[in-house]
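Peer 1: Pasting a structure here, questions to come.
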Amino acid sequence: MPPPGVCMSIMQERNKEDGVGSLANAGKYRNQDFQQLKQYCLDRRVRYIDQMFPPDHNSIGEGLLSPDDMGRVVWLRPAKIAQNPDFIISGFSRFDFGQGSVANCWFLASVGALTFQKHILEQVVPLEQGFKDDYCGIFHFRFWRFGRWVDVVIDDMLPTIDGRLIFVHSKTPNEFWPALMEKAYAKVCGSYADMNAGTPSEAMMDFTGGVHITFKLAETPPNLWDLLFRAAKFKSLIGCNTPQGETSVNTLEPNGLVRGHAYTVTGVLQVLQGRPVNLIRLFNPWGYGEWKGDWSDKSSMWKTVSPDDRKMYLSVEEDGEFWMTMENFCEHFSDVTICCLCPDFLDGNSEGHWTPSFHDGRWVAGTTAGGCIKFRDSFWTNPQYRVKIEGLDRDFSETQGDNNMLVSLMQKPDKRNRRLVKSVHIGINIFEFKGQRGKFPASFFNNNAPVAQTKNYLNARTVMLLCRLKPGEYLIVPSSFKPNETASFILSILSKFICISHSQLVFKSKEGRLSTLQCELGAVHQPETRAVVAMKFCTTVIVMHKSAGLIVIYC
């Protein structure tokens, strides 16, 4: 076992010698090898049945269907549901599907966003499968799950009642990629019932392996429309939510919006109506139910723009997609999430890239689970991460943006079934220091206030902190709110700093044993930059990042 608090993702998951867990070599979820299982079925001329996610009530899960409906469920293969089943018909589209009986609008809103990014979608949905010559009832999909890509194998037995799909269904009856993708995601969640309720950021991260930034619309940044416009330009996935309010979730309001519901942002547009008007286009994953106010499909506002704009952007159909003004969007929605591989959209500059680093860590009760900063006697025991900023990126100016660091903290699940996971409240604190070595004691935190911190500790899968730091040395401390809460986490640090000319990695164990780490350095698209170093008799992990400054991890 590694010492508590040591960030071992470098060795254990992200950067193994054979690359398992990377997108190019996804890990085998539940140790199921798609090619081997498929060949086994082809050789024996049998249809595949997934014993790890079998076609039975356990895979549907508890509380999703009434006992009467559960008794009527029949699992059928696509050929028994529709004539001439096909995997994909005429490409991917957000209009391909409609939501079923599980409240997973957060998942489907993310799928809708994914259909705009074909290069990412084809990573999640491998195209070399279908119902043709080598069909044997087996399919696979890829998701990024807590630090590694996994290849998820399923059979194509789908739950039906009276011959109709219970959950997501295609508007083209014989197209089945949405239902099969939903089944694969239900498998990694634990069951269909485990997909009940969530946020778009969760699914979007699982589709991309990227980072997300969530903006609360009650605290709307003045440049939000510009950020959304650039995010769309930089091929980000964008989702949003309506507030729950006093009415029940999924209540259709008189204005056409659904309470407590997730939507996809599918367009960002500025039109001229004598003056510029900023518009947002949204998609309801139900496939119906649209905004009825200004700039909706039947709004007279469209008569005030040029015929060319009206012809290009207005579609008067009951398809779940509609336009509204930025002001109405901020008034009626609670938050918007942008998910991206790299947050270049923040300053609109793709020349000076953000550089990521990823670290696995763990809070262990009694040793490294110190709780939040108000617990002065124990806060210092939390894992500590040093970042040295040599200088701001030369292309990063005050006029381009105020932030040069994005820190994301994701807690790992303690259970396979999503609804049974016991999350803790988590947050991030960043401190500035000068010249101090070794692990920072309690006295340091008693005498120094954070220069940046998450506003609240949240019981969420992921929290993030976006900030601007001047050149200097900083200490990042992720923590749970209460002390002695054992949990595992992934800390992601994306920084936009001036380039440093060299990289190095040193690991030395507390016990003095010889240890070896392999670390992939640099940006996501620079996998060739590697270093393996073995050292003895020390207590620190040191990583000098090309473009990312100095990171030192204390246990």
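Counting begins at 1 with the first residue displayed.
Keep in mind that glycine also has a Cβ here, set from the backbone N, Cα and C atoms.
Found this in TrEMBL, in case it helps:
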ACT_SITE  CYS105  active site
ACT_SITE  HIS261  active site
ACT_SITE  ASN284  active site
DOMAIN    47-342  domain 'Calpain catalytic'
Peer 1: Inside 10 Å of the Cβ of HIS261 (active site), count up the other Cβ atoms and send me the figure.
Peer 2: 26
Peer 1: Just to confirm: which same-chain residues, 6+ apart in sequence, have a Cβ under 8 Å from the Cβ of CYS105 (active site)?
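Peer 2: GLN99, ASN250, HIS261, ALA262, PRO285, TRP286 - these are the non-local Cβ neighbours of CYS105 (active site), listed in sequence order.
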Peer 1: Work out the three-state DSSP category of CYS105 (active site).
Peer 2: helix
Peer 1: Any idea what DSSP makes of ASN284 (active site), helix, strand or coil?
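Peer 2: SS state of ASN284 (active site) = coil.
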